[in-house]
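For reference, the structure discussed in these notes is given below.
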């Protein structure tokens, strides 16, 4: 059945044209009460094509017939968004009265911004809904389509949104058909209507604080600043919840979050946010006072620093990512904060950052020991320093700064086996930034080991400073073996085998002297007797 009524057409053009201005991104000139409309085919089935983009330059990006008007100014397409079209009861587009009702919905506040607050039960004053039709998810180009739509008026709600979209599109009403009254359009009825709702996106970033600020050895902290730039929300759009969430590696102990700031100003725990810890998972969840500050500071940087103390090395790579879990709603007044979902679908997640560590074992041995497996020496004392050239290809024993400390101690002593194990020494991290004490993906880092005291009875070596090369991972860096030689001491009383040998030799010499003396005496006596006989 077809209707061809001039009054009907004018009301339709005026109502539908005005109604969809914000959704379609059309300028006010798009409405034309004297449109050259054609017949409405009430038996036809139409479609709604949704083009979903981030907010761009604020100018219209397309027309109801699908022609683009501002390709350069539109924001990036948004995939993964789903829309539902709810058929409105009580609006008959076959009558002038029906189009008058559509026209009334163009009045300010006629379509509440929170009409879709509960997608399962949308609300529209003075109207109910008959049935609904759901689009597929928007594709990589930001497009989705609802097909086979009868000639009706529909409330359209954004009913599924990716986690990185902080502000949904406002609900809107669309008619099938729609008068094609845009500039340079032909004024006919469009049964395949295109709309261009927009979103506000939010992102989250993570880095690693320069390790020089926190130490280079086991017991030092690794700190991960997590930040987001706050979007501008509509006046009657409010945060339902806003949370930073970070699950830290098991090799980090005493995990927590500190230094929560907004635009560089510190926020207060309890007053502005709640700190939660569940095992290795740490959350910073903003309360009503904090959410109000977030809404009131668009464009400002919100940051929290997650941290833990290094206890061991494992494979050498301590990886970390964080999530931002947030949502908004349209309301007349700020709603009470809701509890963020524990496992939301695809929340904004930071890129992975990595802090790399290695370990070091040294063994002090007796340099005079000629056995294959030398015994360790207890009581040798060492200090360890950063190397002046930390990332030299060949490490040198030139130290930089003060000795490294563990719990305030800078001198470490060999135990019963003659060993000291440094369970973790910093190698590098994945953050490239000018001025950091770091080289991304460095294969090793140089340290300097200094022996400050030899074990009792042993001599401190002349080369007490030794260059050490530490590689990422436990047990990767070869054990360092350091010799000590015994002290020189005065001669001892000779009571052993060597003394007996000397005594024997001395006795033999005395005996030879005695025998020689006897022989000489006898020779002289015989000579004297011969002389007397003569």
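Including glycine, each Cβ sits where the backbone N, Cα and C put it.
So that you can see what the record holds, here are the features copied from Swiss-Prot:
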type	residues	note
SIGNAL	1-32	signal peptide
REGION	56-76	region 'Disordered'
REGION	329-376	region 'Disordered'
COMPBIAS	334-347	compositional bias 'Pro residues'
COMPBIAS	361-376	compositional bias 'Basic and acidic residues'
MOD_RES	495	pentaglycyl murein peptidoglycan amidated threonine
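Sequence-distant contacts of the compositional bias 'Basic and acidic residues' (361-376) (same chain, at least 6 residues past either end, Cβ-Cβ under 8 Å): 382, 414, 416-422, 449, 455, 458, 477, 479-486. Break the compositional bias 'Basic and acidic residues' (361-376) down by DSSP state and the numbers are 0 helix, 7 strand, 9 coil. If you look at the compositional bias 'Pro residues' (334-347), the same-chain residues 6 or more away from its ends with a CB under 8 A from one of its CBs are 80, 162-164, 238-241, 243, 245, 283, 285-288, 291-292, 295, 323-327.
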